[in-house]
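Report on the structure given below.
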């Protein structure tokens, strides 16, 4: 096997933005593989009714698996790959710069990522782990005495420092654009996506950093911020966390919008339809996301007035999203020639997944329906369609775009990528589409057992996850030849 990717990681001390970007992608790949293997273990347990791998004495392991799966995939796979990898590699090029303004700060932000990852993963080996869920809701996170939760908190703080440094660097680079003949309104949607993501991170990260520190103080210094028996309020945690968490969904997928727009205009030999409206739609979505936080925890029953408000905000988010879908589909419809069929197939797969996830998101945006479906696997299917799979597809497209499949230096042929795309699509549909049907049953999430009559749908989901695993291993085999 070639070790070019590992060589690039060690040579990232050069401060070159492309090498740092590839190093980010390399880290994101291996972080993502660890998180994906955890999800395969979860699906293996759910393949049949009854407790098979997990026993009554080891139920905490199941809680630990889905907690770390969520944390790793959100903060160390998607954020590292899309914002760190694509942002560092592509952003200065799109602005006409040879590098970002502060290359050394860029390097420091890279070094914080593996530190945070090691802290989070090491929580597995500390006492009984930390099966709190990726949201770390109190009173569960404040009442458990094991030190694993503290390691998770500091690991997430390290990842937050990395994202903050990158955001400041990208915004400073954007405000320093002085290329001759370069007008702000002519900046590509891919560059704007990085800028908007940076602004969202700078607005939301201080809040979630504060709330994690408050949890730490509650655990060790009895500050009682979230302890209801001592004038604290656990709902306050949800308000503060989802001020970050709701924009975070858009933070993770926004660079994906930019790279899909860039690839469509590059490989279809067609200028992006509605380029300016695409930028305006991303900007409007970024702004509205900050005010729709209650959609993610409307089940605590705000009251009819606030429920109507958050339902309205969710519908407003869907409108510019529909505009982006229209622009992409129109660009594809008007193509005269295609340079890379494989890349175009992956972009079509991205659009299909996002349409499915967006449609189910409008359903969950209705407060009355969300009350019934919030704690079911319907939410799991929606979340993976609208965000996780789209983000992974964006990274795959970008890796093919820079002609370094999985950073080992292999050039993925058009025929091979055209074969991988439909297989990936089938595995995604098999894994997550049945969750919408079982969610209406309703099948609760975060539970390792279920009634026998739901065995068929869960087996199909496990089959799709197994197909994804085989596909990833096949790609590793190809690049090792």
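Cβ atoms here come from the backbone N, Cα and C positions, even for glycine.
Among the ranges 22-42, 43-63, the one that Swiss-Prot lists as transmembrane segment is 22-42. Going by what Swiss-Prot states, the Ca(2+) site holds 45, 50, and the candidate of 448, 451 recorded there is 448.
Residue 384 (Fe(II)-heme a binding site) sits 13 Å from residue 250 (O2 binding site), taking the C-alpha atoms as the reference points. Taking the mean position of the Cβ atoms of 45, 50, 448 as the Ca(2+) site, the remaining same-chain residues with a Cβ inside 8 Å of that point are 46, 48, 49, 51, 52, 53, 54, 62, 449. Here the binding-site residues are 45, 375, and the one with the most other Cβ atoms within 10 Å of its Cβ is 45. Spacing of residue 382 (heme a3 binding site) relative to residue 45 (Ca(2+) binding site) is 21 Å (Cα to Cα, whole number).
Comparing CA positions across the binding-site residues 69, 374, 375, 448, the one lying closest to residue 246 (Cu cation binding site) turns out to be 374. Remote same-chain partners of the transmembrane segment (278-298), defined as residues 6 or more beyond its termini with a Cβ less than 8 Å from a stretch Cβ, comprise 187, 189, 192-193, 196, 199-200, 203-204, 238-239, 242-243, 245-247, 249-250, 254, 257-258, 261, 272, 306-307, 309-311, 313-314, 316-317, 320-321, 323-324, 327, 364-365, 367, 370-371, 374.
In sequence order, 449 make up the list of same-chain residues 6 or more apart from residue 50 (Ca(2+) binding site) whose Cβ falls under 8 Å from its Cβ.
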